[in-house]
Amino acid sequence: MGVRCTRLLAALLLLGLCALGGAQKPDPCQCSRVSTKNRLNCGFPGISSDQCFSASCCFDSSIPGVPWCFKPLPKQESEECVMEASARENCGYPGISPEECGSRKCCFSDAIPQVPWCFFPLSVQDCHY
């Protein structure tokens, strides 16, 4: 089998794995709230938006000099809670429980140390593709 056939087979295998893995377009907030300086490349030069979305990545070609296909922010229970850690505004106190945080109508995520775990939600009106 030649190099060309091997590459074609690898590309088809990758596309098939993406389809089986349930690859889907990220929610708008997962993409629009990623600052340009924090974009982590998720594609290759010349990637199309469809190819990028099929890899469950974000696509925005409006800003030159930064990755156009990039990793989305982690999915949260609510789109209002999707934001970079640096954008979190404290809504609680050290040791607050997820239940107490929720009773304040705030978001809770303890996945990142040394940032507020209970934080105010953001409006989803500014999220768009």
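Cβ coordinates come from backbone N, Cα and C, glycine included.
Computed from a predicted structure; not experimentally measured.
Lifted from TrEMBL, the feature list:
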type     : residues      : note
DISULFID : CYS42-CYS57   : disulfide bond
DISULFID : CYS52-CYS69   : disulfide bond
DISULFID : CYS81-CYS107  : disulfide bond
DISULFID : CYS91-CYS106  : disulfide bond
DISULFID : CYS101-CYS118 : disulfide bond
DOMAIN   : 29-73         : domain 'P-type'
DOMAIN   : 79-122        : domain 'P-type'
SIGNAL   : 1-23          : signal peptide
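Overlay of TrEMBL annotations on the structure.
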| residue | record | contacts (Cβ under 8 Å, 6+ apart) |
| --- | --- | --- |
| CYS42 | disulfide bond | CYS52, ALA55, CYS57, CYS58, PRO67, CYS69, PHE70, LYS71 |
| CYS81 | disulfide bond | CYS107, SER109, PHE119, PRO121, LEU122 |
| CYS91 | disulfide bond | CYS101, ARG104, CYS106, CYS107, PRO116, CYS118, PHE119, PHE120 |
Per-residue pLDDT averaged over the domain 'P-type' (79-122), given as an integer: 94
Residues of the domain 'P-type' (29-73) by DSSP state, where helix covers H, G and I: 13 helix, 5 strand, 27 coil
Neighbour tally for CYS52 (disulfide bond), based on other Cβ positions within 10 Å of its Cβ: 22
Spatial neighbours of the domain 'P-type' (79-122) far in sequence, C-beta under 8 Å, 6+ residues away: 27-30, 33-35, 38, 73
